[in-house]
């Protein structure tokens, strides 16, 4: 009898603990609007941004004007993976995969086996993606993606000052990348309002990632650019999944979203009638370009070679000189050094 009583007490204690944990952290795929938690990582969707969110008094002309992308070029963007060849490549690739797997587990996301093909439905499971979960994922991704370009540009800026010489146009492209990623984030936060816990994760993530990236870039900048190249591959994969979900009518709330003014002021080929899908297409196209740029920079001699995307050389054929803005590239996985005339 004593053993039976003890066993029941343990079961009751376990049930109480489980109910308490569910209160703190409801199921990631729960659609109950009243399901709240102090650890909620959901993002509230803003269909019609109120006028006070416009921030028009702070808007300036873009420091790096965005090129115009055609719908056809944006549709043609697809997931491409650069196979790791060196030990540094493998470390960078596995590092990105580890970070992504950890974030996927926390947010209840599962990567489709074929991001370019038909998606498997995970309705009714923790992997079902809702509009709120997608916004959380996009906001966190862009808060991280804006760090590497600025950190790398800062280090190269100091390097140029210290050695009293030019940096051969690396800084401009890196600053452009950081600015572009920040515009992605500024646009998303007009569409979604993240929870305080999501903001806390962003604060902590930026503090750790920015300092770690800074230290590694001082020692091995090539590894850092390769890491960012693989990170951008995952960004293209994520946005491709999002577009597929929109096309499959799994995210009906996004059909009613009115794009904020900041979006068409930056992407000049958008307007007030553009859809959320149009915006995601442009953002995915940007990420694909960052993928090409960083994989290419990782293939260069870090202290000797010019940045071929920004510093052009006359009389060099187009097939041997990357274009900084064109999406029609023969090497979306990055240019090898021998494919360019430096």
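Backbone N, Cα and C atoms are what each Cβ position is placed from, and that goes for glycine too.
The Fe cation 1 site recorded in Swiss-Prot includes 181, 184, 287, and the single candidate from 132, 142, 333 that the record places there is 142. 232 is the only one of 131, 232, 324, 338 that Swiss-Prot places in the Fe cation 2 site (with 181, 287, 290). Your range for region 'Disordered', going by Swiss-Prot and the list 238-272, 308-342, is 308-342. The C-beta environment of residue 184 (Fe cation 1 binding site), restricted to residues of the same chain at least 6 apart in sequence and closer than 8 Å, consists of 138, 142, 145, 146, 283, 286. Those same-chain residues not listed among 142, 181, 184, 287 yet with C-beta within 8 angstroms of the centroid of the Fe cation 1 site C-beta atoms are 141, 145, 146, 180, 182, 183, 185, 235, 283, 286, 290. Across the fold, the C-alpha of residue 181 (Fe cation 1 binding site) and the C-alpha of residue 290 (Fe cation 2 binding site) stand 10 Å from each other.
Long-range C-beta contacts of residue 290 (Fe cation 2 binding site), restricted to its own chain and to partners at least six residues apart, with a cutoff below 8 Å, comprise 145, 177, 180, 181, 228, 232, 235. Taking Cβ-Cβ distances under 8 Å and a sequence gap of 6 or more within the same chain, the neighbours of residue 287 (Fe cation 1 binding site) are 145, 232, 235, 236, 239.
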